Amino acid sequence: MQSFLPLLMGIMASASSVEWRHPVIWFNSKVVQSSEVVVKPGTSLELKCGGDGPVNWQTRLPKHKRYMSRSPGNLRTIRVARPTAEFTGTYKCFYSAWAQHRHLTSSVHVYVKDPNRVFWTSSTSLRVVRKEGEDYLLPCLLTDPEATDLGLRMDNGTTVPPEMNYTVYRHRGILIRSLQPSFNADYVCTAKVKGVEKTSKTFSINVIQKLRFPPYVFLEMDEYVRIVGEELQIRCMTHNPNFNYNVTWNYTTKSRVTIEERVRSSGENRLDIQSILTISAVDLADTGNISCIGTNEAGVNSSNTYLLVVEKPYIRLWPQLIPKLASQGLSVEVNEGEDLELGVMVEAYPQITDHRWHTPTSPSTSMQEHIYHARLQLKRMNAQEQGQYTFYAKSNLANGSISFHVKMYQKPIAVVRWENITTLTCTSFGYPAPQIIWYQCSGIRPTCNGNNTGLPKQNHPQALTVEVQREEYGAVEVESVFTVGLSNHRMTVECVAFNLVGVSSDTFTVEVSDKLFTSTLIGAAGVLAIFLLLLVFLLYKYKQKPRFEIRWKIIEAREGNNYTFIDPTQLPYNEKWEFPRDKLKLGKVLGAGAFGKVVEATAFGLGEDKDNTLRVAVKMLKANAHSDEREALMSELKILSHLGHHQNIVNLLGACTYGGPVLVITEYCSLGDLLNFLRQKAETFVNLVMNIPEIMENSNDYKNICNQKWYIRSDSGISSTSSSTYLEMRPSQQSHIEASGRKSLCEDNGDWPLDIDDLLRFSLQVAQGLDFLASRNCIHRDVAARNVLLTDKRVAKICDFGLARDIMNDSNYVVKGNARLPVKWMAPESIFDCVYTVQSDVWSYGILLWEIFSLGKSPYPSMAVDSRFYKMVKRGYQMSQPDFALPEIYMIMKMCWNLEPTERPTFSMISQMINRLLGGQDEQEKLIYRNVQPEQVAEGEACDEPKRYDPPCERSCDHEEEEEPLMKTNNYQFC
């Protein structure tokens, strides 16, 4: 047979010298007559191909080519001793040397039967990733020709999506046409062998959605200004749903440009590229447009900016006035009582470091990098406000000023006085300078200027108007003298003064009236009326002065829907809280309000150990406080003593009520209020959460320095740093203080980085504190991050600053009626119905959660408290999820913001939910910032429970039995 084949091929070659034929395929030495052959398990596979010229095989898998060999003549052989199901497929033979005969091919489909595998699938093809709209062939190759009903279904047993269109090919697999994102799922190929369904391995199909929009491209500034020789750095922020996009720059600059890209993946469906263009030293020729361009398969998007290069620093000032005043330039004339807005547009580089108006009115300024708009609002102007208004601006390298000259139109005022028996003088004030005209008429008349009297009138233009006095800013005084002629009749003389603004007149009766002292009496009555009005106004302003009101309320009893609140002034005061004044050393002021302040102090002998020293906070009144404020401070003292001790409220330690002003001694919280703490830690927190690589390179920009300066807000209560590592709220020997004082301040927990667990702990601790207040029948009414303090071990404690906050100057407190209220933190029933309950505290707690997980942002950002705000709250508007809130935390927020108070969770429920997020451990076990010093750990003292100072009220057994809490479903306080 082997010798016969070359002879046969030679005959075929000579016979086909005129016309070539399709190649011939032999399967196991037999000419293939059909399109399919079957290889039984355990047998070999041999395929030969021959033709009129050199031939070659095309196999399904490239690796099968290693089984090929060339035989004598124009023969090509594939020989596999023990083929597996992998060799199932279509084998195609073609002419390899003659391009004009490539179309002459022969093929055969080989089934390699495998009783254990009806389908052969490649492991590399099981995970399918394709773009939307593409076709894809699932390589489900049947190894058994007897298999029937080849099909496709989902791996979970359900049918394919109804919109999926596919075609079955027994020799190739299943072709899915026009892939869609809705096809994303796991699929299997199915077939029946002797009535039994067989399935292939699972194919996981992931269709990448076709991009429909170009990349997002953003440049921070519309214009950049630089001085010759300065460095320019422009950041272009871009993002795209996938990796298939690029960022380029278009610029006309002449200087050398370097471009750096920072790539970051934000989840599966977003790639961020920050492209940074840098010119180390700009030149005047670099002035021009610069564009950042992002390109993907959907198109192109760009953002443009302009570079202006100047030779030297500059400050340019232009006036900005409303259109009707713009033509007046810098000299502005307005009517009395009108509003005036003076505006200045400032262009400066480098940016201004200081700006001010030379006027007592507060300015408002909005600014970009080098363009500013400063405006001065003058409401209902009066004569005293006219004058020169100068705006000053300066930078490190330049300064400038611009002045407006504001003059006010004033209606003239005419006054006639009798100089002698024949002479009258009329004096008038106004701006512009008034003109004076005299009239006289017979009889006693209210006016001579008009025909309504029916009497003859005489005009005397010969009485000239003379300017007496002119001020630079103010009314012009003019005067006119009129000589009265002799007459036997009573006569009325009228002086009329007029200018562009208005007219004023005054009359004089030449013959003396019989009613003596009438003018005097009228004048006295007028003065008395003005005095009474002034007195009423001063009394009203006195009543409007801010009064301190303690926010916390204690419920005494409940009868049906009627609730009785305890008058805090009627609460008893336990004398055991008294502490000697001479053992209290006052320090710096930590916070101040309108009538009170909080100072840091050192207490000697406070507690059971009479030799210890303790840092405390002392609340006291200012010298200008009224009796109402003194009574309110005593009420606060009584409420704190009534509540008792809890780890998550600022506890009362003592008081001084005799021999001087009232002093309330409380725990000292060295890390200040939670709001400022979150804002101070925000930058490092974001860097840690986002895992930005640059944080290690630029760590000096973010880490806390031991001697860093902390700023004290007027409304923040207690916020300070300390040069001592004093144990927080624990008695300590002076020697221990000195030893620990030598420790690095960086060991303080205030310098530790902030993480998500810290935010969860703060949330849990505040909820536990509020749960304690609720159990003591106490409504807080001002739950907010500014009213939560942190100890140096990061334990959150609830407080109420009250006297120590200046709510008149705190933007968080909005005027509503006759009070200033924290509207953005208040529940709807508190805003609209003046109803305060534990449930309204729950609403406020939801706002506090939002503050915590937004790292100290103001709630309802960029939303003014106006009618639109009230409508949105009433309709159930809820803030979106904060940047760093877990979904479970945001769910708690939304539960707290339920419009129906009874549907809101209790603080106990909230504590349980947050505790589960922390791992279900007891809060005391969760606290990693334990209240111990490093020295104690070394000495083996860390395992001892620190002694707690028990307040006198706890030792006095005032509360022999815990009463059933009165707070049930709805406890209302009606205003």
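Placed from the backbone N, Cα and C atoms, the Cβ positions cover glycine too.
The signal peptide annotation in Swiss-Prot covers 1-17.
If you take every residue in the topological domain 'Extracellular' (18-519) and average the pLDDT, you get 84. Annotation source Swiss-Prot lists topological domain 'Extracellular' at 18-519, citing sequence analysis.
Summarising the annotation, Swiss-Prot assigns N-linked glycosylation site to ASN156 (among others) and lists sequence analysis as the type of evidence. Counting every protein chain shown, the Cβ of ASN156 (N-linked glycosylation site) has 9 other Cβ atoms within 10 Å. In the three-state DSSP classification, ASN156 (N-linked glycosylation site) falls within coil.
Look at ASN165 (N-linked glycosylation site): DSSP puts it in a strand. Residues or ranges marked as N-linked glycosylation site by Swiss-Prot: ASN165 (among others).
Taken from Swiss-Prot, the feature domain 'Ig-like C2-type 3' covers 221-310.
Note on ASN246 (N-linked glycosylation site): other Cβ atoms within 10 Å of its Cβ, all shown chains, come to 15. A strand conformation is recorded for ASN246 (N-linked glycosylation site) in the three-state DSSP classification. Residues or ranges marked as N-linked glycosylation site in Swiss-Prot (evidence: sequence analysis): ASN246 (among others).
Residues annotated as N-linked glycosylation site in Swiss-Prot, with sequence analysis given as evidence: ASN250 (among others). Over all protein chains present, the Cβ of ASN250 (N-linked glycosylation site) has 11 other Cβ atoms lying within 10 Å.
Under 8 Å, Cβ to Cβ, and six or more positions away along its own chain, ASN289 (N-linked glycosylation site) finds TYR251, THR252, ASN304, THR305, TYR306, LEU307. Per Swiss-Prot, N-linked glycosylation site is recorded for ASN289 (among others), and the stated evidence type is sequence analysis.
Summarising the annotation, Swiss-Prot assigns N-linked glycosylation site to ASN301 (among others) and lists sequence analysis as the type of evidence. Under the three-state DSSP scheme, ASN301 (N-linked glycosylation site) falls in the strand class. Listed in sequence order, PHE213, PRO214, PRO215, TYR216, VAL217, ILE293, GLY294 are the same-chain residues at least 6 apart in sequence whose CB falls under 8 Å from the CB of ASN301 (N-linked glycosylation site).
The domain 'Ig-like C2-type 4' annotation in Swiss-Prot covers 329-407. The DSSP breakdown of the domain 'Ig-like C2-type 4' (329-407) into helical (H, G, I), extended (E, B) and coil residues amounts to 3 helix, 48 strand, 28 coil.
Summarising the annotation, Swiss-Prot assigns N-linked glycosylation site to ASN399 (among others) and lists sequence analysis as the type of evidence. For ASN399 (N-linked glycosylation site), the same-chain residues lying six or more positions away in sequence with a CB closer than 8 A to its CB are ILE315, TYR392, ALA393.
DSSP assigns ASN420 (N-linked glycosylation site) to coil, not to a helix or a strand. The N-linked glycosylation site annotation in Swiss-Prot covers ASN420 (among others) and rests on sequence analysis.
Sequence annotations record features per position, and here Swiss-Prot assigns N-linked glycosylation site to ASN451 (among others) based on sequence analysis.
Packing against the transmembrane segment (520-540) from elsewhere in the chain is no residue: none 6 or more residues past its ends has a CB under 8 Å from a CB in it. Per Swiss-Prot, the feature transmembrane segment maps to 520-540.
Look at Swiss-Prot and you will find 584-918 tagged as domain 'Protein kinase', backed by sequence analysis.
The region 'Activation loop' annotation in Swiss-Prot covers 800-822 and rests on similarity to another entry.
Taking CA atoms as the reference points, ASN420 (N-linked glycosylation site) and ASN246 (N-linked glycosylation site) are 97 Å apart. Within the set of glycosylation sites (ASN165, ASN420), the lowest number of other Cβ atoms found within 10 Å of a Cβ is recorded at ASN420. Distance noted between the C-alpha atoms of ASN156 (N-linked glycosylation site) and ASN165 (N-linked glycosylation site) is 19 Å. Reported as a whole number, the C-alpha separation between ASN250 (N-linked glycosylation site) and ASN165 (N-linked glycosylation site) equals 45 Å.
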